[in-house]
Amino acid sequence: MPKNKGKGGKNRKRGKNEADDEKRELVFKEDGQEYAQVLRMLGNGRCEAMCIDGSKRLCHIRGKMHKKVWIAAGDIILVGLRDYQDDKADVILKYMPDEARLLKAYGELPENTRLNEGIIDDEEDGGGDDYIEFEDEDIDKI
């Protein structure tokens with residue numbers, strides 16, 4: 001039987017949550033950085049995001065955030081642009097929904113940016129046709 005020399009298992013790691021509930025200082029973009037909205041998650045620590053400058057980039061989630069900060073489609077993130085690859089970027093920070101609203105209020109994000117709602121295809125023309133009504137006559141014929 002091997003001796004357990006560590007300080008605990010995966011439940012100990014699961015309990016570590018570095019006080020995400022506390023208010024943190026709002027981080028604005030610097031040169032070489034850009035705001036983006038996640039279009040879809042690709043797996044393997046990568047996502048596809050639409051940057052505010054209008055280009056779609058493949059973003060890599062940095063190791064410090066990997067498996068600690070969960071990113072979903074529709075989230076507002078701060079990405080670091082690469083000098084040598086324009087179509088790729090690195091995720092630096094994920095903004096909480098209230099921080100994203102503040103960025104929009106400060107004019108950092110354009111007004112047409114849709115916050116706190118996932119990227120949804122518009123299917124409003126026939127979305128409620130799932131209800132099927134059967135008549136009693138059909139049941140009697142069987």
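A Cβ is built for glycine as well, from the same backbone N, Cα and C atoms used for every other residue.
As recorded in TrEMBL:
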type	residues	note
COMPBIAS	1-15	compositional bias 'Basic residues'
COMPBIAS	16-25	compositional bias 'Basic and acidic residues'
DOMAIN	22-96	domain 'S1-like'
REGION	1-25	region 'Disordered'
REGION	121-142	region 'Disordered'
Q | Within the domain 'S1-like' (22-96), residues counted as helix, strand or coil by DSSP | A | 0 helix, 36 strand, 39 coil
Q: Average the per-residue pLDDT over the domain 'S1-like' (22-96) and send me the rounded value.
A: 91
